[in-house]
Amino acid sequence: MICSVKQYTGVTNGSDIFLRRSTRPPPVQRSLSLPSLPAHQPHRSGISLQKALHVSAIGGLGALPKPTRMSVIKCQAFEADRSQPIESNVELPKVDAKVEAAKKLKIGLYFAMWWALNVVFNIYNKKVLNAYPFPWLTSTLSLACGSLIMLVSWATRIAEAPKVDMEFWKALFPVAVAHTIGHVAATVSMSKVAVSFTHIIKSGEPAFSVLVSRFLLGESFPTSVYLSLLPIIGGCGLAALTELNFNMIGFMGAMISNLAFVFRNIFSKKGMKGKSVSGMNYYALLSIMSLIILTPFAIAVEGPQMWKAGFDSAFAQIGPNLIWWMAAQSVFYHLYNQVSYMSLDEISPLTFSIGNTMKRISVIVSSIIIFRTPVQPVNALGAAIAIFGTFLYSQAKQ
């Protein structure tokens with residue numbers, strides 16, 4: 001603090017410290033002792049100190065005796081750049097170790113469930129698409145299942161229903177449009193190429209995020225962020241060039257999904273700012289609006305006749321397992337997304353980004369093992385470089 005002390009003949013300062021009597025004695029000149037801090041203008045009746053001071057002790061205020069000619073108020077102070085630790089008897093509340101341990105355990109469970117549910121979803125989703133290649137219907141069923149689960153949860157009061165107004169739905173609409181496009185594009189990609197290849201290309205989403213934010217929104221980033229994009233772009237390119245079962249529709253679907261999810265995040269950050277909705281309910285409302293948007297397009301692109309003919313053919317080959325696969329991929333799609341949005345309420349964006357990178361690794365490795373996807377060493381190297389670049393990006397972005 002800047003301490004300025006001045007003395008005047010007819011004025012007594014410090015009215016907030018001293019208790020005034022009804023009969024005030026004549027003003028008495030006080031002497032102020034400030035060690036090693038000489039006054040700048042000794043010829044005047046004031047003392048001005050321009051350095052920051054910390055008051056360490058004030059003497060002479062014990063019983064507030066009646067002022068006399070010889071009474072002295074002694075003030076000791078030290079400069080801020082030579083400050084000493086302040087001793088205090090006030091004890092700060094200690095963080096309970098059990099509470100911290102419980103929080104870490106909760107976050108760990110979120111991550112484990114997030115990765116496990118995502119792996120299971122990708123496996124069943126690929127099985128359905130291999131036997132029943134209708135990605136628009138598959139995407140619609142995923143959103144419909146999640147919407148139904150949450151509507152039942154709200155009706156039975158298992159989960160508390162959110163209270164939203166028309167402004168919330170208006171702000172959610174562009175987010176839902178981008179989410180719908182990204183979801184369908186990713187499903188189309190996985191219907192044409194291996195799950196591992198789709199996720200390798202989707203690991204390049206940070207590159208789209210930086211480019212869109214830089215050229216459309218005018219945002220600037222540190223040099224380290226731009227440098228982290230080099231391994232992402234190079235790794236994705238190397239993986240695409242060496243993919244044994246490359247398909248242009250599958251490749252473009254993954255690229256469009258990246259771009260759509262970037263806009264989803266931008267719209268969500270701008271439009272949903274200040275909206276007090278939990279992560280679980282936010283994703284539920286997003287699924288409901290995306291379902292409303294997607295359903296007429298799914299009917300127009302594929303249609304009930306194609307769905308029925310394809311289902312009869314697939315059911316004749318697979319049997320009742322087809323129904324189980326379709327139900328499982330729909331349920332697990334909603335659950336893994338719901339857990340990921342719930343985890344955002346507990347962790348920082350950096351931790352979430354790292355977790356998302358580790359999720360992709362688990363999906364790629366598990367899908368290669370389960371579906372026995374042939375992978376060349378160069379292709380695996382490209383995937384590793386791209387994923388490592390995603391990790392570097394998450395560090396540089398913070």
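Glycine is no exception: its Cβ is also placed from the backbone N, Cα and C atoms.
The domain 'Sugar phosphate transporter' feature in TrEMBL is assigned to 105-394. Marked as region 'Disordered' by TrEMBL: 19-43. Residues annotated as transmembrane segment in TrEMBL: 107-124, 136-156, 248-267, 279-301, 313-335, 377-394.
For the transmembrane segment (136-156), the residues of the chain that approach it from at least six positions outside its boundaries are 125, 128-129, 183-184, 187-188, 191, 281, 283-284, 287-288, 290-291, 294-295, 297-298, 301-302, 307, 326-327, 329-331, 333-334, 337-338, judged by C-beta separation under 8 angstroms. Non-local neighbours of the transmembrane segment (313-335) in the same chain are 113, 117, 120-121, 124-125, 127-128, 131-132, 138, 141-142, 144-146, 149, 287; each lies 6+ residues outside the stretch with a CB under 8 Å from one of its CB atoms. On the 0 to 100 pLDDT scale, the domain 'Sugar phosphate transporter' (105-394) averages 91 in this prediction.
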